[in-house]
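Residues or ranges marked as transmembrane segment by TrEMBL: B:6-26, B:60-80, B:87-107, B:127-153, B:174-201, B:207-227, B:239-258, B:270-287.
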Amino acid sequence: MISATDLRLTFGKGTPLENPALRGMSLTVNQGEFVTVIGSNGAGKSTFLNALAGEVMVDSGQIIVDNLDVTRLPTHKRAARVARVFQDPLAGTCENLSIEENLALAIKRGQSRGLTSAVKKQYLGQFRESLATLKLGLENRLGDKMGLLSGGQRQAVSLLMASLTPSSILLLDEHTAALDPKTANFVLELTQQIIEEQKLTALMVTHSMKQALEVGSRTVMLHQGQVVFDIAGKDRDGLEVKDLLGLFEKQRGLEVDDDSLLLG
Amino acid sequence: MLSDIAFYGALETGLIYGLVAFGIYLSFRVLDFPDLTVDGSFPLGAAVAAMLIIEGWNPWLATGCAVLAGMAAGAVTAILNVKLNILNLLASILTMIALYSVNLRIMGRPNVALLTEETVLTPWYDLGLAFHQVPVLLFTLVAIVSLILLWRFMKSETGLAMRATGANARMARAQGIATGGMIILGVALSNGLVGLAGALFAQSQGAADVTMGVGVIVIGLASLIGGEAVITPSTVVRALLACVVGAIIYRLAIAFALNADILGLQAQDLNLITAVLVTLAIVLPGVRTKIAGRFTSKKA
């Protein structure tokens, strides 16, 4: 279980560019939930994800991951509990390392690393098996450099890497946004499949309201660094984008004028 | 052409600079950390080894201490960068400058002679080889052992974590790698290798000198880039081989240039030749692909 309580974070404090990104953001994600997060530009989606991952430290508030207070822990000390797929397909993998080396890095996520060989024989079977589920033929290219793969293929491998070892939460930061529509669809389906099969707890940020409603079991909308609404179960079933917009306006009593919310 | 002595001399220094190139490969290529500490850690290794040998220490033990001293110097640079957030290049320049004083302190004077002392080379002279072949034999062994150890390390879990740190730090952190610690370890290892090179250089040349580090970074880079032009560094083992081969080619080229009477070059032209060779090493790979493109049919 993940619980974030009253997170506050202001960038550039005391400067003319002062930007409060999180203003009392609270969210609890239960075991096995797949939450989609939407919000306009600057709503604090990415900052929230970065705060959960440890890439930015919040000014105040508390983050608890499976009964451990991680609020002040740096990224690498949270990695055993928090898995992540980035928006940029190039960011989640190392292009000058081979596919098997990338997977070998991921299989030790959050564990201590010693002087034994990184790519162990006993891993190879598992690597091939999981790569085969992608149906991209990568299981026969273990030794190939990651840089030889397309953006979509790399994003698919990033997903595999994130799910290779158990985690308390999987963070997906608009991980299909940089892909062409067909590839984005493939990666999204793969995401759902992996999350369902492994019963993962996941938090997916997306720009598309449609995607937010079609995927996952709960949808949260952020606005100005806070949760404006949180919808799950029966209330969420059959909900459409226009209903969501209506809900948002009702909640906030203001007009949504950001086109990006309607896209997709 | 080269005399026997000039040829073996070039091999000898080439093998030593191969160790420097290993170190520079670690910092510049693996960690993407431009580290100039080597100009200070090379004479540091020489100074530590020389003083301990004069004190009567076992020369291998003295050489081991030189490695540790080099590692400490590298760790200082990396800590300045990681913990105090000083720009990596500047951090290394600060350590390098500080080491000049440290080296003078260690030796107590600008240079120390080792000609009459027992060095790591002494026992090998009993093998019956020619005088100028002995260092080549020993340093070849040292280079091979270092290469194998480094290669195994790079393939280990920690080594892979280090490579990921240099290639994609954000991804490395997300995988639970303490990137700061990796940088400290890597730059320390790199300078440990350079300290080893300095210690061996002092013992083969018969002296340690406080100015012997000037330009070591350029020679190491020349070896690295030159080697990469000859052997494409597509795997770790090829990259390491490129370091040694590059350093030997570099020293042979220097020896040839200085010995070819037609060119009329003298010892003081060394730095000019180095600059020309580095330029060629950087430019040539591009020229090679251009020529290859002209003479081979293009495949889609």
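Counting begins at 1 with the first residue displayed.
Note: Cβ is positioned from N, Cα and C throughout, glycine not excepted.
Tertiary neighbourhood of the transmembrane segment (B:60-80): same-chain residues 33, 35, 37, 40-41, 44-46, 48-50, 52-53, 86, 88, 91-92, 94-95, 98-99, 120, 183-184, 186-196, 198-200, 203, selected by CB-CB distance under 8 Å and a gap of 6+ residues from either end. In summary, the transmembrane segment (B:6-26) does not lie against the transmembrane segment (B:270-287): fewer than three C-beta pairs, each 6 or more positions apart in sequence, are under 8 Å. Comparison of B:87-107, B:127-153, B:174-201, B:207-227, B:239-258 by number of C-beta pairs under 8 angstroms to the transmembrane segment (B:270-287) places B:207-227 first.
Per-stretch counts of Cβ pairs under 8 Å to the transmembrane segment (B:207-227) identify B:239-258 as the leading one among B:87-107, B:127-153, B:174-201, B:239-258. The list of residues near the transmembrane segment (B:87-107) in space but at least 6 beyond its ends in sequence, with Cβ under 8 angstroms from a Cβ of it, reads 33-41, 43-44, 47-48, 50-51, 73, 76-78, 80-81, 208, 210, 213.
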